[in-house]
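Over in TrEMBL, the protein carries these features:
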- Cys5: active site, nucleophile (ACT_SITE)
- Lys603: active site, for Fru-6P isomerization activity (ACT_SITE)
- 5-223: domain 'Glutamine amidotransferase type-2' (DOMAIN)
- 289-428: domain 'SIS' (DOMAIN)
- 461-598: domain 'SIS' (DOMAIN)
Amino acid sequence: MNVMCGIVGVTGNENAVEMLMNGLRRLEYRGYDSAGIYVNDQNGKDYLVKEKGRVADLAKAIGEDVHGSTGIAHTRWATHGQPSVANAHPQVSADGRFYLVHNGVIENYIELRDKYLQDVTFKSETDTEVVVQLIDYFVKHDNLTTLEAFRKVLYLVGDSSYGFLLMDREEPDTLFVAKNKSPLLVGVGNGFNVVCSDAIAMLNYTHDFIEMQDGEIMILTPEKVDIEDEEGHHITRLPFHVSMDASEADKGTYPHYMLKEIDDQPTVMRKLAQTYFNDDGQVTIDDELLADLQSADRLYIVAAGTSYHAGLVGERLFERLAAVPTEAHVSSEFAYNSPILSKHPFFIFLSQSGETADSREVLTEVNAKGYHSLTITNVQNSTLSREATYTMLLNAGPEIAVASTKAYTAQIAVEAIIAKALGEATQQVAAADFDLRPQLGLVANGIQALVDQKERFEAVAKDNFVDQRDAFYIGRGIDYAVSLEASLKLKEITYIHSEGVAAGELKHGPIALIESGTPVIGIITQERTASLTRSNLAETAARGSHIMTIVTKSLAKAHDDIILEDVDEMLTPLLTIIPAQLISYYTSLLKGLDVDKPRNLAKSVTVQ
Ligand code: F6R
């Protein structure tokens with residue numbers, strides 16, 4: 001099973017191998033434990049190369065003579081079945097006629113295997129091999145064409161999740177493409193066509209992409225793209241233009257994407273101030289969205305991971321600025337344990353990728369019930385964006401490092417923008433007094449001042465984190481929300497056990513974990529709770545912890561460690577997270593870990 005992989009295909013280009021390999025490199029953030037490629041040269045020669053490990057390992061394994069003009073490739077993030085050459089994709093039918101790459105999970109593959117394929121000897125442990133063998137079976141057994149067999153298998157796998165690219169040696173310039181609950185885009189070139197999990201993979205070759213809907217089949221040849229719906233009816237759909245430059249997805253002279261993305265944050269703040277404010281300094285969001293928000297009696301923010309942490313900050317922003325009750329929820333919980341909803345709910349989905357399956361599960365239900373929703377995302381035309389009533393873009397530029405940084409701060413800034421617009425529309429004094437545009441400028445400067453002190457954070461990482469087993473971030477209110485995110489950043493790229501704790505909760509249990517030298521970092525930006533958090537820090541110090549503070553200038557005291565520029569109390573998460581991002585980055589680096597691609601993780605989690 002392969003759930004968050006990157007897939008790419010090309011038909012009709014002599015440089016297919018280079019295009020596929022470049023595409024895989026750009027998709028590696030989606031999975032990186034094994035990779036493979038199949039190409040056909042249209043003259044009866046074809047090549048299958050698979051390798052355990054990174055795309056770079058596959059590149060080494062591809063010999064000089066591997067060439068072709070049509071092909072498919074895959075980079076994998078395994079859930080079931082070890083990463084291995086046998087389990088890597090493409091998977092092949094028994095007689096070597098059909099080649100398939102897959103992103104998703106076929107839920108009923110065991111039943112299908114037992115029903116139809118008892119005579120087949122399987123070479124891998126993958127659900128994908130069952131699919132490719134089934135296609136072969138229906139072509140031979142029921143005399144179906146490849147397209148008919150493909151359609152039949154799609155019917156049999158039901159509501160499983162998949163992005164499939166299929167090749168048939170007997171139609172070597174054709175790609176058969178289908179998707180369900182898994183992202184895929186078709187790119188239109190001049191004399192060639194491509195398909196990929198994310199437009200970033202193919203931006204060097206085309207900027208014109210055709211959206212693909214669940215249940216459709218696309219048949220790509222060098223000259224054309226045929227689209228068929230579930231019943232086989234032809235559909236016409238025009239391409240849309242992606243204006244992003246391919247170089248935006250490069251890390252340039254930076255050693256890692258994560259460092260570049262941390263450094264991008266001041267620019268992102270300024271860009272959001274430009275995008276969502278008019279020349280008179282008025283906040284501007286879509287009128288219909290604003291009307292919908294005004295008629296809601298409660299906002300439900302639904303998201304996962306870092307985006308959920310941004311939602312926790314949003315909860316406070318909406319309540320304070322717009323006086324509307326707001327709840328942030330983890331999407332995987334909400335989907336199956338949803339709370340009793342208010343009479344007029346409005347849903348806000350936060351998702352960097354716009355593809356997170358857990359969040360999409362909730363959105364599907366929200367749509368089925370006829371409620372309105374907004375997706376705040378970094379990816380234009382992503383699934384959550386297409387399926388929600390409204391979209392607001394983060395405009396943060398591609399985020400490639402698995403650990404999310406600039407999407408988090410951009411999400412909070414966009415939440416603040418909406419909260420201000422809504423609060424102003426409902427005449428809230430707090431919103432009128434909240435001078436957001438100049439504040440975003442101060443935030444940008446404050447972030448810049450922090451990212452300019454990299455050596456300092458590297459020293460903190462070296463002296464206080466590298467050799468630790470555990471670490472704690474603590475805070476109250478909005479500072480607690482940031483503690484959760486700070487702690488997630490640390491654990492996911494340094495593998496240090498870390499927790500974000502509500503400062504007042506320490507004494508109710510977690511303080512038992514404090515040992516001599518355990519780092520406890522207090523985040524202190526709220527006047528009302530500053531002295532309480534300081535007392536909680538002192539309580540851990542009395543038990544041997546090594547305490548550090550991240551404090552805004554106006555609340556700082558003589559022995560504080562990291563002092564931040566003053567910004568509005570509601571916007572401090574945009575600054576307090578930056579030291580935590582940099583400390584995590586340098587700790588990971590000093591431990592010799594793969595900062596951008598931490599173990600066991602992948603970006604864009606397209607399975608529940
Ligand atoms: C952590 C991280 C994840 C994502 C989560 C949701 O650094 O990136 O926790 O935030 O998988 O992803 P999106 O925002 O794409 O829905």
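Count begins at 1; order follows the chain as displayed.
Yeah, the Cβs are placed from backbone N, Cα and C, and that goes for glycine too.
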Taking the Cα atoms as reference points, how far is the residue listed as 'active site, nucleophile' from Lys603 (active site, for Fru-6P isomerization activity) in Å? 9
Give the number of CB atoms, excluding that of Lys603 (active site, for Fru-6P isomerization activity) itself, located within 10 Å of its CB. 24
Tell me the Cβ neighbour count for Cys5 (active site, nucleophile), meaning other Cβ atoms within 10 Å of its Cβ, over all protein chains shown. 29
Across the domain 'SIS' (461-598), DSSP labelling yields 67 helix, 28 strand, 43 coil
Average pLDDT across the domain 'SIS' (289-428)? 96
Taking DSSP helix as H, G and I and strand as E and B, the domain 'SIS' (289-428) has 65 helix, 27 strand, 48 coil
